[in-house]
Amino acid sequence: MQQYLDLMKHILAEGVDKSDRTGTGTRSVFGYQMRFDLSKGFPLVTTKKCHMRSIIHELLWFLKGDTNIAYLRENKVSIWDEWADENGDLGPVYGAQWRSWPTQSGDAIDQIAQVIAQIKSQPDSRRLIVSAWNVGELDKMALAPCHAFFQFYVADGKLSCQLYQRSCDVFLGLPFNIASYALLTMMVAQQCDLALGDFVWTGGDTHLYSNHMEQTALQLSREPRQLPTMTILRKPASIFDYQFEDFELTHYDPHPHIKAPVAV
């Protein structure tokens, strides 16, 4: 994935040094876009090994509407541990907003079910949108949504998706985010009987943490390898019925994992 390495180079060359909420410090650019043709391979970074099992389980957890890390812990996924309270709760984060956005009347909107119904019935709609950025509930969330807003687009029988990520940890978080939304696009396309188009990633505050610079240099020294293939082995009755075993990643030959600290 040369696009990802090019982003790192751009931040190092053009970025500005900024303070941040975690106190770690970043080198940051504002506004960046990458496009991945999903018909040409699954966009999983190859210049370091990425933990696809965690990515899949996290996405399934979002789609369940779950906001407690018990499911993740059961499946040996620890990426949310630092933000959960003593009971494993995170407040109304992604899953809650995707599946049960509260309304003034006391009802809840299932944005995922709604957008899939809209794609099927009104594929040319410009309102094929899901938002996790609920201003009225931000103060209840353990972490405000970083990948905040995504939109689907149908053309020539193909489904594309664009994500707006307001804040992006490029070294640790971004490979997960790209793979997660690429997989979500594949799932929605399958449910709507559409071919695969592009995944477009758009970043706001796009940064490398100051304690990731050595790791970034190591990654930039490596040559990207051929993208792997992701296969969905069955088509379940709905977007909410996928299981971990439904996904098969093949031809993934990454460089070794690179460890880096998480800024909390």
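Each Cβ is built from the backbone N, Cα and C atoms, and glycine gets one as well.
Database features (Swiss-Prot):
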type     : residues                                                                              : note
BINDING  : ARG21, ARG126, ARG127, ARG166, SER167, CYS168, ASP169, ASN177, HIS207, LEU208, TYR209 : dUMP binding site
BINDING  : HIS51, ASP169, ALA263                                                                 : (6R)-5,10-methylene-5,6,7,8-tetrahydrofolate binding site
ACT_SITE : CYS146                                                                                : active site, nucleophile
What is the one among the binding-site residues ARG21, HIS51, ARG127, HIS207 whose Cβ has the most other Cβ atoms less than or equal to 10 Å away?
HIS207
Would you count the other CB atoms within 10 A of the CB of ASP169 (dUMP binding site), including those on all shown protein chains?
23
Candidates ARG21, HIS51, ARG127, SER167, ASP169, ALA263, namely the binding-site residues, that fall within 10 Å of the residue listed as 'active site, nucleophile' by Cα distance:
SER167, ASP169
List the binding-site residues among ARG21, SER167, ASP169, TYR209 whose C-alpha is within 10 Å of the C-alpha of ALA263 ((6R)-5,10-methylene-5,6,7,8-tetrahydrofolate binding site), in sequence order, or say none.
ARG21, ASP169, TYR209
Would you work out the biggest C-alpha to C-alpha distance among HIS51, ASP169, ALA263, the residues that bind (6R)-5,10-methylene-5,6,7,8-tetrahydrofolate according to the record, and give it in angstrom as a whole number?
19
Based on the record's binding annotation for dUMP (ARG21, ARG126, ARG127, ARG166, SER167, CYS168, ASP169, ASN177, HIS207, LEU208, TYR209), what whole-number value in Å is the widest Cα to Cα distance?
35
Between the Cα atoms of SER167 (dUMP binding site) and HIS51 ((6R)-5,10-methylene-5,6,7,8-tetrahydrofolate binding site), what distance do you get, rounded to the nearest Å?
21
10 Å Cβ neighbour count around SER167 (dUMP binding site)?
20
What's the number of neighbouring CB atoms sitting within 10 A of the CB on TYR209 (dUMP binding site)?
23
Using a 10 Å radius around its CB, how many other CB atoms surround ALA263 ((6R)-5,10-methylene-5,6,7,8-tetrahydrofolate binding site)?
20
Determine, to the nearest whole angstrom, how far the Cα atom of HIS51 ((6R)-5,10-methylene-5,6,7,8-tetrahydrofolate binding site) is from the Cα atom of ARG21 (dUMP binding site).
26
